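The structure under discussion appears below in the form of structure tokens.
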Amino acid sequence: MKALSKLKAEEGIWMTDVPEPEVGHNDLLIKIRKTAICGTDVHIYNWDEWSQKTIPVPMVVGHEYVGEVVGIGQEVKGFKIGDRVSGEGHITCGHCRNCRGGRTHLCRNTTGVGVNRPGCFAEYLVIPAFNAFKIPDNISDDLASIFDPFGNAVHTALSFDLVGEDVLVSGAGPIGVMAAAVAKHVGARHVVITDVNEYRLELARKMGVTRAVNVAKESLNDVMAELGMTEGFDVGLEMSGAPPAFRTMLDTMNHGGRIAMLGIPPSDMSIDWTKVIFKGLFIKGIYGREMFETWYKMAALIQSGLDLSPIITHRFSVDDFQKGFDAMCSGQSGKVILSWD
């Protein structure tokens, strides 16, 4: 079958032919319809330090997808041929304390689709049936293909009560923009997103944020004053991994504020911890999606009117995958969809 693989320990992704995966007793075989390119895939494409330490070569990559069930393991129940599915990209062990306690998103033995095992940038994918999620009929293939990153946004945004709160989102990448849209949709008062990329700030404006602030040109304190905010932000969603953005967030949080961190900062990032202590801030790390509460919330948010369509900016045939990666690497894109039909 046709697949996009990391064939060499150098920059690039290559189209190749690999054997169709075999279906185990507890697995589903999924015929891929559409995939989306993730920032992780760009890291793998660029063969950065993290990729060199993490990715086995050769490896079929990719973990954002929608497809159709075409094969079912003999022990699987609850699925039928033709079901339209996406799937949780974190494969968990099922045996550790967190898995057995229902906190599977915190499994210490997690492996990643398209990172530690073959991914979805292929005509067919095999995953455990436990990881598959049926897509409601009124959700399009395009939206279903970005459920994985949308789930990161939903998990982060819904970590805390947002109704009537003032929310700061640092980082206007696709996940940050989706998190801001979720916050506004569920009843936050002011949702302010910051970045230095004007293209992506404009995407955030299309998604309905209160203010999209280019911090290279505008002071966040001035924006807060303009909005009548006198006590700081109640909730912070840190999506950038940029130390200056996190420090600004700490400066502008209200006392007792709550911060959810999805962005990955440098390991040696320094902050003024007295601000965390004396403001009584609560900081929560976010990894992946809650299984499967986040997935149900994703579907419900879209069904209740949340419009994510502006975040999908580029669509290509998989044969034009290089154009898709070029768009992602340019910084002038939202989500990029590859069609396998």
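Using N, Cα and C of the backbone, Cβ positions are placed for all residues, glycine too.
Listed features, source Swiss-Prot:
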BINDING   Cys38, His63, Glu64  Zn(2+) 1 binding site
ACT_SITE  Thr40  active site, charge relay system
ACT_SITE  His43  active site, charge relay system
BINDING   Cys93, Cys96, Cys99, Cys107  Zn(2+) 2 binding site
BINDING   Ile175, Asp195, Arg200, Leu262, Gly263, Ile264, Ile286, Tyr287  NAD(+) binding site
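Annotated features taken from Swiss-Prot, shown on the structure.
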residue	record	Cβ within 10 Å
Cys38	Zn(2+) 1 binding site	24
His43	active site, charge relay system	16
His63	Zn(2+) 1 binding site	25
Glu64	Zn(2+) 1 binding site	31
Cys99	Zn(2+) 2 binding site	19
Asp195	NAD(+) binding site	26
Arg200	NAD(+) binding site	23
Gly263	NAD(+) binding site	19
Ile264	NAD(+) binding site	13
Ile286	NAD(+) binding site	21
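For the binding-site residues Cys93, Leu262, the greatest number of Cβ atoms within 10 Å around a candidate Cβ is found at Leu262. Remark: Cys107 (Zn(2+) 2 binding site) has His90, Thr92, Cys93, Cys96, Asn98, Cys99 as non-local neighbours, by Cβ distance under 8 Å and separation of at least 6 in sequence. By neighbour count, meaning other C-beta atoms within 10 Å, the densest spot among the binding-site residues Cys96, Ile175 is Ile175. Cβ neighbour count for Tyr287 (NAD(+) binding site) (all protein chains, 10 Å cutoff from its Cβ): 13. According to DSSP, Ile286 (NAD(+) binding site) is assigned to coil rather than to any helix or strand.
Those same-chain residues not listed among Cys38, His63, Glu64 yet with C-beta within 8 angstroms of the centroid of the Zn(2+) 1 site C-beta atoms are Thr35, Ala36, Ile37, Thr40, Asp41, Gly62, Tyr65, Gly89, Gly114, Gly119, Cys120, Asp148, Pro149. Using CA atoms as reference points, the recorded positions Cys38, Thr40, His43, His63 were checked against Arg200 (NAD(+) binding site), and the closest is Cys38. Thr40 (active site, charge relay system) sits 14 Å from Tyr287 (NAD(+) binding site), counting Cα to Cα.
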